[in-house]
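J.: Look at Swiss-Prot and you will find Glu253, Cys287 tagged as active site. Swiss-Prot lists Gly231, Ser232, Thr233, Ala234, Ser235, Gly236 with the feature NAD(+) binding site, giving similarity to another entry as the kind of evidence.
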Amino acid sequence: MAEAAARILEALPAVCEYRWSCKDASKRFTVVNPATGEPITVVQAGNLDTVQGAIQASHRAFESWRWKTRQERSLYLLQAADELQKHSHELAVLLCLENGKPVKDASFDVGFLVQVFRYFGSIVDKLPSEFFDQGSIYSSVIYEPHGVCVGILPFNWPPVHAGGKLAPCLAAGNTMVLKPGEQAPLTLMRIVEILQSVFPADVVQAVPGLGPEIPQALINHPLVKMVSLTGSTASGSQAAQTAAVTLTPTVLELGGKNAFVVFEDADLELVVRDAIDGAFFNKGESCTAASRILVHKDLYPTLVSRLTAAVKKLRTGDGLDETTHIGPVVSRERQQEVLSYIEQGKREGATLAAQGDPPTAGRLSGGFFVPPTLFTDVTADMTIAQREIFGPVVTVGSFETEEEAVKTVNSSQYGLFAGVYSSDFTRAMRVTRKLDVGVVLVNNYFRALLGTPFGGVKDSGYGREHWIGTLREWSRVKNVRFPSGLSPIPAWGGAVDVCKL
């Protein structure tokens, strides 16, 4: 693994310049290895002029891409999946280097990217037509592409988010300009390069940038006809406000403070495994993290004991080390923010039940590590129970009744995921219907189920990704009506009267 990383680093130029990078040296930013704190490379960002160029090129490409048949677009997506598969190891190692996640987790991310292109490539040419017999009128529904679309991506899962936006967008006949997360842009830019070797010119493009300038310019452009953003609730709200000026439709996949509800009759072994997975996978830098565990009071002491023992065994280290469970968070700023939440939890009276041991010596001493942390005796009014921490920190609180559990879950401003664990299926389904979230996982916490709708409610956003309905979100509806010849078409009597000869 170290040899592969060395080859990738050696191949990177000192300054990465892309087609839509500008020449202004002040628009450069450094990409850092979060495991060591050392620079990987410098990226030359774009500016307002290059945004204009990218969108104009995308618009020109749309004029021909939109008329490709669904069968033709299907073949492009399937070919793209094959090409991405060839580069899967390279992409996983690059992602590990710039994001910090364990390379085995990065490999899973790239695998999902490949699968999502295959999924939409396999179904886009098989969607049924819609035809309605209204007596004197026949009516058909045509799903047309929007045009130039924009995808704004975060740093935590570049392959997953890129695939989730690009594949259905292109399958529906749109073109897309992406803006990668500034903390980890290299993997996304490499994915775009690979896709550009498959798709016609300018169908897929990306503009790197630092701060809000590039995304705001992309969203605000009059030629942009749809925007999809994955990020914080604050960034999603700002994007929606900008898009509203031009009445541009948006899909927003935002934050989460996801509850993991455990009743007294739950399978303890399953709960312990899924709780650790849900809380600490991807070092907690996940909108779907099970960061808020709610346990029935009868099971609370036993589960807390098991979770405490498990958290202490989690290994924190370099993602290139295949024995690592939890890598560093993506940046120094994120590290300091997560550590401040841990201190906040202590001040508010939560019990620090367990913490892992981050590396402190050698080349990893400058890394952005946060120890995996378990807080117990957490109440719903505490900051750590309400805020999206976006790091390897999980809280555990108790409840006495089903009604109390539902009320606590629904008190959150977020509404993305929830887990419900009980051997009583009727109760589990009753609770599921009462939870105000977009996705409920019953007796499992498997989040990456391609082919099912992914998305939230409330401050977690709106719109759904990763399923067949996503193709409709990336399309606009045109209704065509024509005479059936079976009976007269109704007409306004006034028109009949005045038009007689």
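Cβ atoms here come from the backbone N, Cα and C positions, even for glycine.
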J.: Roughly how many Å separate the Cα of Cys287 (active site) from that of Ser235 (NAD(+) binding site), to the nearest whole number?
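T.: Cα of Cys287 (active site) to Cα of Ser235 (NAD(+) binding site) measures 14 Å after rounding.
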J.: Return the count of C-beta atoms lying within 10 angstroms of the C-beta of Glu253 (active site), excluding that atom itself.
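T.: Total other Cβ atoms inside 10 Å, all chains included: 27.
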J.: Within 10 Å of each Cβ, count the other Cβ atoms and name the one among the recorded positions Ala234, Cys287 with the highest count.
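T.: Checking each of Ala234, Cys287, the winner is Cys287.
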J.: By the count of other Cβ atoms within 10 Å, pick out the sparsest of the binding-site residues Ser232, Thr233.
T.: Ser232
J.: My understanding is the cutoff is Cβ-Cβ under 8 Å with a sequence separation of 6 or more in the same chain; which residues meet that for Gly236 (NAD(+) binding site)?
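T.: The answer is Leu229, Leu252, Leu254, Gly461.
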J.: Between Gly231, Ser235, which of the binding-site residues has its C-beta surrounded by the fewest other C-beta atoms within 10 Å?
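T.: Counting other Cβ atoms within 10 Å of each of the binding-site residues Gly231, Ser235 gives the minimum at Ser235.
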J.: Determine, for the NAD(+) site, the additional residues of the same chain whose CB lies within 8 Å of the mean position of the CB atoms of Gly231, Ser232, Thr233, Ala234, Ser235, Gly236; present them in sequence order.
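T.: Other same-chain residues with Cβ inside the cutoff are Leu229, Ser237, Gln238, Ala239, Leu254, Gly255.
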J.: Cα-Cα, whole number of Å: Ala234 (NAD(+) binding site) versus Glu253 (active site)?
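T.: With distance taken Cα to Cα, Glu253 (active site) is 12 Å from Ala234 (NAD(+) binding site).
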J.: Could you state the CA-to-CA distance between Ser235 (NAD(+) binding site) and Glu253 (active site) to the nearest Å?
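T.: With the alpha carbons as reference points, the distance is 10 Å.
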J.: Looking only at DSSP and grouping its letters into three states, which state does Glu253 (active site) belong to?
T.: strand
J.: Determine, from DSSP, whether Ser235 (NAD(+) binding site) sits in helix, strand or coil.
T.: helix
